[in-house]
Amino acid sequence: DSIIASNYEDWLRKGIHVITPNKKANSGPLYEYLRLRALQRQSYTHYFYEATVGAGLPIISTLRGLLETGDRILEIEGIFSGTLSYIFNNFKDGRAFSEVVAEARDEGYTEPDPRDNLSGIDVARKVIILARESGLKLELSDIPVENLVPEPLRGSSSAEEFMQQLPKFDEELTEILKDAESSGEVLRYLGVVDVSNEKGVVELRRYKKDHPFAQLSGSDNIIAFTTRRYRNQPLIVRGPGAGAQVTAGGKFNDILRLASYLGAPS
């Protein structure tokens, strides 16, 4: 991914348009991101990346539409990981966390090594992309991330060893879950862009069962935009945020947009 992303600058300079679901370029070093955006404007080329956040969901385009029509973003918060959405939608009713992770892995919702999902770095990259789209000049290292991989297992030699050892660490999350459930709440793994305070965070949060974030199912993503225009009732985008078909749909939508910009009839 990083190798491909490193070519974008050269391609744009040569007048080649870029459409990508690759998060590495827009969540990499800030100076590289700013240089890429400046180059894209100077070279009159198009650089579209809707599928970097939420696959085929209209998240980047919604954010841009708000900004371009004069709205001011206050906060963006959401469940950006289909994997972690699935895990916390099913982590309930006395089930062990390790059991749900194993189920998610067996169903193909996780990476081959679930630590790649549980570390939260993928969610942090999406937070950075949205933060920069909102005008914040943040680095990935500026985002505090709650790593769900138990510290002793972060250096496990293999995914299999990690899965074997994970049940030993179920107790801590079970206590957190019981405490939430006793208050009528659920656990959700959130990415947050606090535009007003120019910061972001990735962490486990608790929500009452009538909150939109508590009502997800499967591996759906949900993103809430709180803005000057949508202050009292956030603008919500919800739907499947992972999978080959919806990701392909997001990229195809960008291709159609590019064709329109280049003069194809609408």
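The backbone N, Cα and C atoms fix where each Cβ goes, glycine too.
TrEMBL has this to say about the protein:
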type     : residues : note
ACT_SITE : LYS126   : active site, proton donor
BINDING  : LYS23    : NADPH binding site
BINDING  : GLU111   : L-homoserine binding site
DOMAIN   : 3-50     : domain 'Aspartate/homoserine dehydrogenase NAD-binding'
DOMAIN   : 58-256   : domain 'Homoserine dehydrogenase catalytic'
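Per DSSP, the secondary structure of the domain 'Aspartate/homoserine dehydrogenase NAD-binding' (3-50) breaks down as 27 helix, 4 strand, 17 coil.
Confidence across the domain 'Aspartate/homoserine dehydrogenase NAD-binding' (3-50), taken as the mean pLDDT and rounded to a whole number, stands at 88. The Cβ of the residue listed as 'active site, proton donor' lies under 8 Å from the Cβ of LYS23, SER27, THR52, VAL53, GLY54, PHE80, GLY191, each of which sits 6+ residues away along the same chain. Applying an 8 A CB threshold to same-chain residues 6+ apart, the list for GLU111 (L-homoserine binding site) reads THR83, ASN117.
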